[in-house]
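The following features are taken from TrEMBL:
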TRANSMEM  7-27  transmembrane segment
TRANSMEM  39-56  transmembrane segment
TRANSMEM  68-90  transmembrane segment
TRANSMEM  110-127  transmembrane segment
TRANSMEM  147-167  transmembrane segment
TRANSMEM  179-200  transmembrane segment
TRANSMEM  304-326  transmembrane segment
TRANSMEM  385-405  transmembrane segment
TRANSMEM  467-492  transmembrane segment
TRANSMEM  512-534  transmembrane segment
Amino acid sequence: IYVVNQALATLAFFGVGVNLVLFLTRVLKENNADAANSVSKWTGTVYICSLVGAFLSDSYWGRFKTCAIFQVIYVTGLSLLALASQLYLVKPKGCGNRTTLCGEHSTMEVGLFYISVYMIALGYGGYQPNIATFGADQFDEQHPSECSSKVAFFSYFYLFMNLGSLFSNTILDYFEDEGMWALGFWASAASAFAALVLFLGGTARYRHFASSGNPLSRFAQVLVAATKKCKVETPENEDDFYQGEVDDDTTGGRKMLHTHGFKFLDRAAVVTSKELDSEEKSVHNPWRICPISQVEEVKCILRLLPIWLCTIIYSVVFTQMASLFVEQGDAMKTTIANFRIPAASMSTFDILSVAGVIFLNRRVLYPLVKRFKKCKDDDAGLTELQRMGIGLVIAVMAMLSAGIVECYRLKYASNDCKHCEGSSSLNIFWQVPQYAFIGASEVFMYVAQLEFFNAQAPDGLKSFGSALCMTSISLGNYVSSFLVSIVMKISATDNMPGWIPGNLNKGHLDRFYFLLAGLTLIDLAAYIACAKWYKNIKHSEKIQELEEEDKFEV
């Protein structure tokens, strides 16, 4: 249910997102740089909303209720976009294709467009981290076979997410490219509605877990308690730390064992004479003393942050596929006989690469590595951190490939031709390697990220762990937008058009790609250092499930 739900929801999302840059240039008449920035900001907002969904899920609503509410918002936003396009934006009818630009739009019409697309951002973003975590909740980590299935779940979850976008990147992309924008958006709305019905239909079969309360207050308690005891010595014996009550469920799941590092925070769990007096009076002040498991929850998040920060540059590379790759392809030879290939449909090769690499990893690479390293059956052979590092290496290759293709595209380009046929005689299929490299890097980076943040996040913050993965995509889009703006400001001087002008034949997009390759190499060096420093989370007790009478409460 979860993977099919994800496929349908992703089909709907990419039915809007994959051609959004062309909608902005053809229908709303934005230039290339502004359109690329608008798409980056919108995509960034999609994933920043994942933090909102994760917070509500972990703190108050639980994952099921959060998924349902945000999917309703998602369907509403898609329906509003389809309606606005049909009634107001795509005028005259059939405009917005390669040759016919649309007419002028009022402020109200443009405002309606942005309200609808940002409702889509809120709905899809808030739902996304929770459906991944909710699906993982259905596997019991204490059961060996289910634990192995949980690892496979993230690969297939990401695979179905890409298969869902395959329809958008081919069929819907073709209709939208021909100016049938309203039809494409209505199809997306119908797909999202089907996903919502499917999700609600499986309610009786789901396993549900309780929310753990506001994590911000738990974090603040640890910081305040540690600060108040800044002069207190920490005990050498780990058993001397405050363990909490036997039935204490402060962190919402299994208790975490003490780890070394961030010793300042350990003071929050040191029992002083004041705490002993309070204990005799049966009074517990959480702002003066915290269980060591609560302290470890804060340590865990602090350890995750450097790894998370190192994934942002990768997301800058990834986001080029939805913006500059499309603009680059649109300026190449896109016809075979009398059939024209929409530039955005080239992301099909990214999806095929994802599917192929997932298959090769699970059937060939992981078994070979396990045999070489003599790993256990439930061990993938390559750790999540190792796979993320491989993803960064492949991302460098993707940017080098894109830069080389752009060099040759410029070589065969006509400087005076902007959007006409024959803008460059280089065939669009030369983009296949860069899309394939991006797809391969996604499997190593994003699938490993989902596994890593889900496994290493405390039990009370599992949705937050998934949201970290998606927030890195968000910040990657914002950083991409910032880089494009800075590059254009610096390069567009002395009457020069800059690296990414409206007419790419007069620019140097290749230099921007090579810049990203260099930044990714620097990021890889920082990532390796952070990965060596990182220490895994250590659990003790089995996770606590909701009581039977609370299972279906929404």
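Cβ coordinates are placed from backbone N, Cα and C, and glycine is handled just like the others.
Please treat TrEMBL annotations as automatic predictions, because they have not gone through curation.
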Same chain, outside the transmembrane segment (39-56) by at least 6, Cβ under 8 Å from its Cβ: which residues?
13, 17, 20-21, 24, 66, 70, 117-118, 120-122, 124-130, 215, 319, 322-323, 461, 463-464, 466-467, 470-478, 480-481, 484
Intrachain residues whose Cβ lies under 8 Å of the transmembrane segment (467-492), provided they are six or more past its termini:
33, 36-37, 40-41, 43-48, 50-51, 53-54, 125, 128-129, 304, 308, 311-320, 323, 446, 449-450, 453, 457, 498-501, 508, 512, 515-516
Out of 68-90, 179-200, 385-405, which stretch touches the transmembrane segment (7-27) the most, going by CB pairs under 8 Å?
179-200
Need a quick answer: max count of Cβ pairs under 8 Å to the transmembrane segment (179-200), which of 68-90, 110-127, 147-167, 304-326, 512-534 is it?
68-90
